[in-house]
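S.K.: Dumping what TrEMBL says about this protein:
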SIGNAL    1-21  signal peptide
COILED    29-63  coiled coil
DOMAIN    102-242  domain 'C1q'
Amino acid sequence: MAKYLRFLVLVVTSLCVTAFGDKDILLRLGDTEKNVKELRQENAALKKENRDMHQLIARLSAKIDKISNLATEEAIEDTSASTNGRYQIHSNVNSKRLLSSSLPDYLAFAASLNTTIPHVAAHQLIKYNDIITNEGNGYDATQGIFIAPARGLYLISVTLWESMNDLQRIGLDLVLNGKKVISIFADGAGTNDSAMTQTLPLVLKQGDRVWVRTHDKYAGFTLYGSAEWNMNSFSGVLLTYI
């Protein structure tokens, strides 16, 4: 009998431990689910806060850039006034242009044709290959093209000469970015040498290209060149930055 009672006690104790153990596990699972839910909510809140912070930083950065640009413009104007024009501000209705102090003080070129070109083609580019001066390196003798190093008012000149001994007529065009600006003509078929010069001011932007070509009506004629006399020439000088 005593053995039976001890067996019942052991069975009951085991059942109680199992029952309470399962209950404890269920309680812990419930707490874990609650914690996970809270963590998810906190994570969502942090993500929203992070997005808000990024947007705020972007707005602040834009304001800082705007303030910095305004401060830079004011500093440039102050520097321009205090250095007596070393930095030049040129204003128009819509914008202000700062000319860098790194630009050369002088821009000028002059080149002549030192070899005769027989039987020129229509619109043949003339490469004035004998450089007389090239301050600022704007003229490229290998191409025969002047490339404006900076925006400014330039004085451009072309001189055309033909000898009466050649009995030739010739015409040239001054070209800006592929568009004819002016034409000049010389007639060596008479009893005297013939020459003509065209000089005009041009407003050029940085990178504008200026060159001389033959007039299309004078294909097949000869353009006289001489290393001694430099009679046919192409030249230009910057009058002022703008």
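The backbone N, Cα and C atoms fix where each Cβ goes, glycine too.
In TrEMBL, annotation is done automatically, which means it is predicted and not curated.
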S.K.: Using DSSP, break the domain 'C1q' (102-242) down into helix, strand and coil residues and give each count.
M.R.: 3 helix, 73 strand, 65 coil
S.K.: Could you tell me the mean pLDDT over the coiled coil (29-63), as a whole number?
M.R.: 73
